[in-house]
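Chemist: Pasting in a structure now, in C-alpha cells, and then I'll have a few things to ask.
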C-alpha cells in the first residue's frame, strides 16, 4: 500500500470517527450544547487535516501517518470531554444561587482593568489594525514585532492591568452569561461592562496581527453561551443569537485581512496555509506527539508553577525552544493540548494525569438533583475551555496562562467553601 493511500485511509478514518462520535453524542438527547460545539470543531479540524495531508506542498511537511497515535489522541480528547458528556446526559434545570457578592466584585475588577488598558490598545491599533485593509503587509509586520518582543518577556510584571485582565479573561465570559441568566438582574452595569470587556478580548489580538487569539476568544464565548443557554430566557437567547451572527460577520473581516497579509504572497497560497493552519494539530501529533525525541519536564504546561521551584526554568518560548532544540516537535507547531502534555511528561504520565484530573472533575460535577451549583458549572466550563481552546492548537493555559488556572480554581474554591459555610451557618 502506498504512503498516500495509507495516509488518506487513516486521516479520513479519524474524521469519520469524530462524525460517528457526534452522532452518538446526540443519539439519546438531540440537544445542541457545549459538547456539540467542541465535537463539531474537532470534525472541522479533522476535515482540514485531510485536505492538508493531500496538499501538494504541505504534504511534504508530514511523515507517514500511523494508527496508534490517532487512537491515543481520540482517547485523550474523549477523556477530557467526559465531564461535558456526563452533563449532557444528566442536564440541570436551574442554577443554585451562590448568595455571594464576590461575583459582582470580580466583575468590577475585570471591567476596571479593561478600562485602564484602553490607551495602550488604541496606540497599538493605530500601528496595525487601521492599516489592515489598506496595507497588505501590515498584519505580518505587527505580528513579527510581537514575536521579536517575546525574548524579553516573562521575567517581570510590566502591565498590571493587562495581567489582571488576562488572568480573568475566561471568568469574564463565565460571569457575563451567568449574570444574563439571572431573572430581574440588578447588575446591568456589570453586564454591559463585561460585554464590553469580552469584545475587547477579541479586538486585542487583531491589533497584534494574531488570528489565533481572535478565534480562541470567539470560541470561548460560543461554548460559554451554549453552557448557559438552558438557563437564559427566550428573550436573551434570541438577542444573543442575533448579536452572534452579526459578530461572526464583523470578526471574519479582520481575520481574512490578517490571513491575506501574512500568507497572500506565499507560494502555497492562502488556501494551502488555511488547510495547514487548521489541520496540522492531529497530523503533527500523529507524527511526533508520542515520541518527540525527549520531554520538556513540564516546562510549558506548568511553567509558572515550576519556576517557583526551579528558577532556571525558561521564561518564554524563545528560551524554551533554545533549551529543547533537540526535540522533533515543540510548540512551534500545533499538536493539540494533548500533544503539549505528552511532550511535557511523556504519553504514559500524560494519560495518568488526564484520567485523574478529569475523573475528579466528573465526580465534583455530578448532580444530586435537577439543580446545579455554580462552582460545578464553573468546572464544566473550565473543561470546555481546555478542549475548545486547545483542540486545534496547544494547551492554552500553558506558560503565563497558568494564572488563568489559578484564578478559575481559586474562584471554584471560594464558591465551594462559601457553600459549606452557608450550610453550617445558614442566613436567617
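Keep in mind that glycine also has a Cβ here, set from the backbone N, Cα and C atoms.
Below are the features I grabbed from TrEMBL:
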TRANSMEM  6-25  transmembrane segment
TRANSMEM  37-58  transmembrane segment
TRANSMEM  70-90  transmembrane segment
TRANSMEM  102-122  transmembrane segment
TRANSMEM  163-182  transmembrane segment
TRANSMEM  189-207  transmembrane segment
TRANSMEM  213-232  transmembrane segment
TRANSMEM  244-263  transmembrane segment
TRANSMEM  341-362  transmembrane segment
TRANSMEM  374-395  transmembrane segment
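Any idea what these are sitting next to in the structure?
Modeler: Under 8 Å from some Cβ of the transmembrane segment (37-58) lie the Cβ atoms of residues 4, 7-8, 11-12, 14-15, 18-19, 21-22, 25, 65, 77, 81, 84, 219, 222-223, 226, 267-268, 272, 274-276, 278-283, 384, 387-388, 391-392, all in the same chain and six or more residues away from its ends.
Within its own chain, the transmembrane segment (70-90) has Cβ neighbours under 8 Å at 10, 13-14, 17-18, 21, 25, 28-29, 31, 33-35, 38-39, 42, 282, 285-286, 289-290, 336-338, 347, 350-351, 354-355, 358-359, 361-362, 365-367, 379-380, 383-384, 386-387, 391, counting only residues six or more beyond its boundaries.
Within the chain carrying the transmembrane segment (189-207), a Cβ under 8 angstroms from the stretch's Cβ atoms is held by residues 104, 107-108, 110-111, 114, 117, 121, 124-125, 127-129, 132, 142, 165, 169, 172-173, 175-176, 179-180, 213-214, 217-218, 221, 251, 254, 258, all 6 or more beyond its ends.
Same-chain residues lying 6 or more positions outside the transmembrane segment (213-232) and placing a CB less than 8 Å from one of its CB atoms are 32-34, 36-38, 41, 91-95, 169-170, 173-174, 176-178, 180-181, 198, 201-202, 204-206, 240, 244, 247-248, 251, 254-255, 377, 380-381, 384-385, 388-389, 393, 396.
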Chemist: Should anything in the same chain at least six residues away from the transmembrane segment (102-122) have a Cβ under 8 Å from its Cβ atoms, list it; otherwise answer none.
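Modeler: Distant contacts of the transmembrane segment (102-122): 159, 161-162, 164-165, 168, 171-172, 175, 178-179, 187, 190, 193-194, 196-197, 200, 203-204, 207, 411, 414, 418.
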Chemist: In terms of Cβ proximity under 8 Å, which residues at least six beyond the ends of the transmembrane segment (341-362) contact it?
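Modeler: Those are 72, 76, 79-80, 82-83, 86, 285, 289-290, 292, 295-302, 327, 329-330, 335, 379-380, 382-383, 395, in sequence order.
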